[in-house]
């Protein structure tokens, strides 16, 4: 395959006087390298292709006023959105996962899947720019109001079947992630007020979830992203502080269960916990400088390490293997005003995560119904059935924890880890494609042979360990829960009332 040079030193022209949402990113002052076969592309074509969810010209003053709480398209806004999608209700289940894996394996898998997630996002953003550049050459631009999605990028580089395959897996994973947010919110509200069982709380949160249909795009969601990051951070600090303050229970034991189903289901849950980048393309489309996102996500992973390690280890240290029977850490910590605050904030976070995960599904349904460019009222009408279906599934399968592992093994292994890397190898399978790559190889992997080797090893590992052993264990564990609690369970894992 050789170590071909991949791209010229030329860069595309300056940004021009376009709206902030449509700033040129393939070159200009940011110095992003382009390939020799991109020379036919004009600045205007690139600008059109980089139009995100927003649209239209705006003045500086009007943009500033709108962006204070509502509209945000900066690099920092992309960090907030990605962080809100990455770290959330998974914080509450990680203590029980540590009880399933033990301290050493738990810490190892968090680091491993965090690192693999960061690499996957790096490759996915690379594919995004390659897709945009090829569209520019082929003169296949869309209007600024058109929002590209994950399946558009993969399909554009692999063909129609790649589009259909990606669309199925991405939308399925986002659908299940949306279901999980409702299940988790109902579970937490039960611990705040057990006068209603978890199923009744699911009725409540499902009705409130209908508010999500009124959010136009990610570019109009700064307030939600800020709240999402704050609430997750507060909850992580609470889990750590409350566990240390409580101290170890009498006779605490940290013996890992000798059960392969439990072990691999726990490891796969961590894979799920670091699989929040199924919405990467939609976030990239909403930011003014998409090329920075691959570095932004490294910060997201590091911040996630910062809040997950202490909040997962401390409860396991305090309660030991007893926590394995409780998928929600709020269920083992004593009632207090701090716990109530954390519950309220986490419910807010999950509401925000629900909006982040369900929004790409809204976009797909709008495009299918051909109302994506129409007025907001028509878009709202086609979004409502999506929320109702998510609500129904949350009522039918309320298994907080096991369903997360199944999603990680069956869907996220493909969407988040294998698909971007496999597409990368396919897109650059020819010498010409490698020579004309829109981005250069990273300094630590100076040859295409090493890039392909690393990606191949990761795909093989995820296929065997994540999808193979993880899928078997997660599905077996979910079947156990169905046999124990049944479908439409009234109150999953609820402690008996006095």
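Each Cβ is built from the backbone N, Cα and C atoms, and glycine gets one as well.
Caution: TrEMBL annotation is automatic and unverified by curators.
What TrEMBL lists as domain 'Amino acid transporter transmembrane' is 72-464.
The transmembrane segment feature in TrEMBL is assigned to 103-129 (among others). Taking Cβ pairs closer than 8 Å, the transmembrane segment (103-129) reaches residues 26, 32, 94, 97, 148, 153-154, 157, 254, 256, 263, 266-267, 270-271, 273-275, 277, 280-281, 284, 290-291, 293-294, 297-298, 300-301, 304-305, 308-309, 312-313, 316, 416-417, 420-421, 423-424, 427, 438-439, 442, 455, 458, 462 in its own chain, all 6 or more past its ends.
The transmembrane segment annotation in TrEMBL covers 168-189 (among others).
The feature transmembrane segment is assigned by TrEMBL to 201-219 (among others).
Residues or ranges marked as transmembrane segment in TrEMBL: 226-249 (among others).
Annotation comment: TrEMBL describes 261-283 (among others) as transmembrane segment.
Annotation comment: TrEMBL describes 295-318 (among others) as transmembrane segment.
According to TrEMBL, the feature transmembrane segment maps to 338-365 (among others).
If you look at the transmembrane segment (377-400), the same-chain residues 6 or more away from its ends with a CB under 8 A from one of its CBs are 93, 175, 178-180, 182-184, 186-187, 198-199, 202-203, 206, 209-210, 212-214, 327-328, 358, 361-362, 365-366, 369, 371, 478, 481-482, 485, 487-489, 492-493. Annotation source TrEMBL lists transmembrane segment at 377-400 (among others).
If you look up TrEMBL, you'll see 406-428 (among others) marked as transmembrane segment.
Within the chain carrying the transmembrane segment (448-472), a Cβ under 8 angstroms from the stretch's Cβ atoms is held by residues 1-4, 6, 116, 119, 123, 261, 264-265, 267-268, 271, 405-406, 408-410, 413-414, 417-418, 421-422, 424-425, 428, 434, 441, all 6 or more beyond its ends. Annotated transmembrane segment per TrEMBL: 448-472 (among others), in sequence order.
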Contacting positions for the transmembrane segment (168-189) when only residues 6+ beyond its ends and CB under 8 Å are counted: 88-89, 92, 149-151, 196, 198-199, 201-202, 204-206, 209, 275, 278-279, 328, 330, 343, 346-347, 350-351, 353-354, 357-358, 360-361, 364, 389-391, 393-394, 397-400, 403-404, 407, 411-412, 414-416, 419, 492
Proximity of the transmembrane segment (226-249) to the transmembrane segment (406-428), 3+ C-beta pairs under 8 angstroms: no
